[in-house]
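Data block below; observations after.
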């Protein structure tokens, strides 16, 4: 590719890439626990990886390559050493989560209730010696806290780096964005699940706030505008914030869920905790 073509930003919506993100996320991440509910337990004994674990393994391998494609499509060159570090942390965090989530699924099959804290769960209170509960709290920390943030922090940093490169001159021809609303809704609905189930609301809010600040600075100070892919990301993240806010309002006065998330920085109940508390009555 010549230097001239490299520097010239041709505004084109990468709908194949955003669709690939949506399909991969919905099947390999959101679909993991659903697959574990559908497939017979005898096919995947408790002392071996479950079907959800295999989904997770595929996700951990495939996602870095999709993120690499996104970064390579960035109008501005991204530091490859930084990207390599981010992907290393991403795979480490996702792998930590894989192990913790796999064990957590087996606990659920043995009576663990997701809407209760580790210490409040009846099966944990039966452990002997009681100090074993500390080990399960450590597992919860690796799974739901350290693993999630090592997984999602580099994930969203990649989006932020790509977003920062999508600004063009206001004089350039603008590509219409009306065609991407379905994809934006599809991706934002998944990100609602990711933010709520992953308990990473503060991280997502900060990422969205940074995107908004960058957009305001570029638009009103530098006099640039977002290209079609930048607009897609910004709209998707803002729609996700609205979905998370709507979800939280539904359970704002729920005493049981508030007790579990009392120590959280921002109260946002997990969908599977809601299912554990209410959903099993109907399914």
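Backbone N, Cα and C define each Cβ position, glycine as well.
What TrEMBL records for 15-34, 54-72, 81-100, 149-170, 177-194, 200-220, 232-252 is transmembrane segment.
When Cβ distances are compared across the two stretches, the transmembrane segment (232-252) makes contact with the transmembrane segment (149-170), since 3 or more pairs at least 6 residues apart fall below 8 angstroms. Contact between the transmembrane segment (149-170) and the transmembrane segment (15-34) is not supported: fewer than 3 Cβ pairs lie under 8 Å, counting only residues 6 or more apart in sequence. With respect to Cβ pairs under 8 Å, the transmembrane segment (177-194) is most closely packed against 15-34, considering the stretches 15-34, 54-72, 81-100.
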